[in-house]
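Please read the structure below before turning to the comments.
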Amino acid sequence: MVTGITTTMSPNVLGTAVVSTQQQQQQQQHKEAPIKSDRRSNKPIMEKRRRARINNCLNELKTLILDATKKDPARHSKLEKADILEKTVKHLQELQRQQAAMQQAADPKIINKFKAGFADCANEVSRFPGLDSTQRRRLLQHLSNCINGVKTELHHQQRQQALAQAQSLHAQVVLPSPPSSPEQEPSVTPVAASGNNNSSSNNTNTTAPYLFGQIQQNANGYFLPNGMQVIPTKLPNGSIALVLPQSLPQQQQQQLLQQHQHHQQQQQLAAAAAAAAAAAAAVAQQHQQSPLLVAMPQRTASTGSASSHSSAGYESAPSSSSSRGSYAPPSPANSAYEPMDVKPSVIQRVPHMHLEQQPLSLVIKKQIKVEEEQPWRPW
């Protein structure tokens with residue numbers, strides 16, 4: 001039934017109204033058809049993107065889980081999606097249990113209950129019959145030391161919480177916090193707060209025991225020996241630092257920087273002196289350990305053998321024998337022989353061998369002269 005048409009209308013008017021309604025319906029169908037076709041064509045693309053997002057998230061989860069569990073990524077390179085999700089759930093549950101345990105350990109009510117129970121047990125131990133007085137005293141002393149250690153740990157945790165609450169404070173100069181144990185070396189590094197974090201982390205190696213030796217703690221922070229106030233603050237890298245407030249005068253900042261530079265120069269000079277002393281000691285020790293060197297004379301091949309056998313005899317002869325020109329024979333009255341002049345032997349005229357001073361050396365190369373062979377002649 002077409003609305004707006006009465007019985008008094010002519011057949012032509014009725015036909016035109018029906019045709020117009022059909023045309024409108026066809027136009028609406030033509031408009032809806034492209035929308036549906038676009039949705040069908042975009043559906044595979046959206047599905048592909050969704051799967052890509054899922055795969056990327058799973059890969060990131062796998063990397064994080066392997067790093068958290070300290071496992072080798074090379075051995076677990078191929079993990080199924082179900083394994084990745086299962087490991088993630090287990091890791092989150094473990095973290096949740098650890099956080100709950102830490103909260104319970106830091107809860108003052110639970111700690112007080114634990115200390116009360118510990119004290120009751122210690123009292124019961126003191127009532128054991130048959131214990132020696134010395135042994136009982138040592139046992140009670142040990143138990144009291146244990147409970148005092150629990151109190152010290154509680155105080156340390158409360159202090160850490162107080163330091164964590166000061167993270168929102170603004171700073172101009174950063175100083176590393178004093179050590180929590182005697183084994184740690186105290187350090188000081190004044191750094192401008194407006195600078196980069198890298199510069200502040202690189203300058204935290206300079207030690208200054210003179211600064212943290214007499215630090216006084218107060219409700220408002222710490223006070224240095226020169227009366228300067230610092231506030232504990234946690235840095236982005238996780239370390240705790242003492243921070244100067246913004247109201248600090250510029251003169252005090254410059255004074256602190258000058259003190260730090262002077263102390264650093266003194267440390268460098270002391271290190272250089274220690275290095276020089278160590279080097280001198282090493283050189284002296286090396287000289288003491290070096291072997292003695294003996295001078296050896298140079299000899300030729302031709303005179304080496306002869307001089308080796310006769311040098312001792314020649315040198316032992318008295319020097320007066322070489323000074324005499326002739327030999328005195330016995331008197332003719334007692335002998336029938338005629339006197340005869342005797343020339344001094346060539347061997348006697350050979351002077352004493354004087355060793356020339358040679359350079360010290362462990363290895364001496366001998367100079368060997370090769371003599372030319374002469375042909376034999378009968379005349």
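Any Cβ shown, glycine's included, is placed from N, Cα and C.
Taking Swiss-Prot as the reference, the stretch among 104-107, 160-163, 220-223, 376-379 described by the feature motif 'WRPW motif' is residues 376-379.
Residues of the same chain lying 6 or more positions beyond the ends of the motif 'WRPW motif' (376-379) include none with a Cβ under 8 Å from any Cβ of it.
Helix, strand and coil counts under DSSP for the motif 'WRPW motif' (376-379) come to 0 helix, 0 strand, 4 coil.
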